[in-house]
Amino acid sequence: MALVVVIEDEVGISDFVRRGLESAGFTVVVAADGLSGLQLAQHEDVELVILDLGLPGLPGEQVLTRLRSVRPALPVIVLTAKGAVSDRVTNLEAGANDYVVKPFSFSELLARVRVQLRRPDQASPVLLEGGGLTLDVRTREVRVDGKTATLSSREFTLLEVLLRHPGQVLSQTQLLDQVWGYGFEGASNVVETYVRHLRRKIGADRIQTVRRAGYRLVT
């Protein structure tokens with residue numbers, strides 16, 4: 001799987017991104033400052049960089065400029081707190097392939113990572129199936145034993161995450177990160193609540209609770 005360099009000085013965000021990418025099968029190396037991140041990103045084995053702009057030492061904008069001079073084709077996704085159109089245009093014109101505005105959900109970041117790494121023979125599947133469930137990522141249609149099920153946006157994302165990890169136990173922290181995003185400050189039982197809602201719609205026996213570990217989709 002692809003090697004990704006994450007250049008981010010906020011430990012909470014870098015850990016959030018690293019955990020999510022590793023769970024999705026990527027190899028991840030983290031740098032906490034611009035200079036060390038630039039050195040890592042120049043390695044020929046690196047296939048994608050996730051770059052925060054507000055870095056200590058060497059600013060993210062300079063990292064991007066220098067990186068473009070030595071690896072012009074390397075995909076770079078910028079993390080930014082500035083969501084204005086002018087800021088987005090500036091980032092893209094500076095050489096970023098894409099950008100994600102903070103705060104963000106991991107599912108959004110992962111989708112953008114996959115787009116940048118996509119090759120004709122390695123396209124991310126748009127149809128997920130298992131255990132009588134069919135989920136179409138493109139049309140957002142869900143079928144349970146051949147019958148259409150109506151899911152909310154959050155329920156759909158939760159089911160998508162579970163279907164992408166069939167048989168794997170996912171902790172509440174992993175599900176919070178991938179479905180609700182970094183920095184979520186809602187109710188502490190939100191995962192349990194949405195799992196309960198989802199069970200009602202797809203069948204209680206399809207999502208197994210693993211005590212003190214998390215949840216697993218039975219396929």
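Backbone N, Cα and C define each Cβ position, glycine as well.
TrEMBL: automatically predicted annotations, no manual curation.
Since the structure is predicted, the reported quantities are computational estimates derived from the model, not experimental observations.
If you check TrEMBL, you get these features:
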- 3-117: domain 'Response regulatory' (DOMAIN)
- ASP52: 4-aspartylphosphate (MOD_RES)
- 124-219: domain 'OmpR/PhoB-type' (DOMAIN)
- 124-219: DNA-binding region (DNA_BIND)
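Same-chain residues at least 6 positions away in sequence with a Cβ under 8 Å from that of the residue listed as '4-aspartylphosphate' are, in sequence order, ILE7, GLU8, ASP9, GLU10, ILE13, GLY60, VAL78, LEU79, THR80.
On the 0 to 100 pLDDT scale, the domain 'Response regulatory' (3-117) averages 88 in the predicted structure.
Reduced to three states, the DSSP call for ASP52 (4-aspartylphosphate) is strand.
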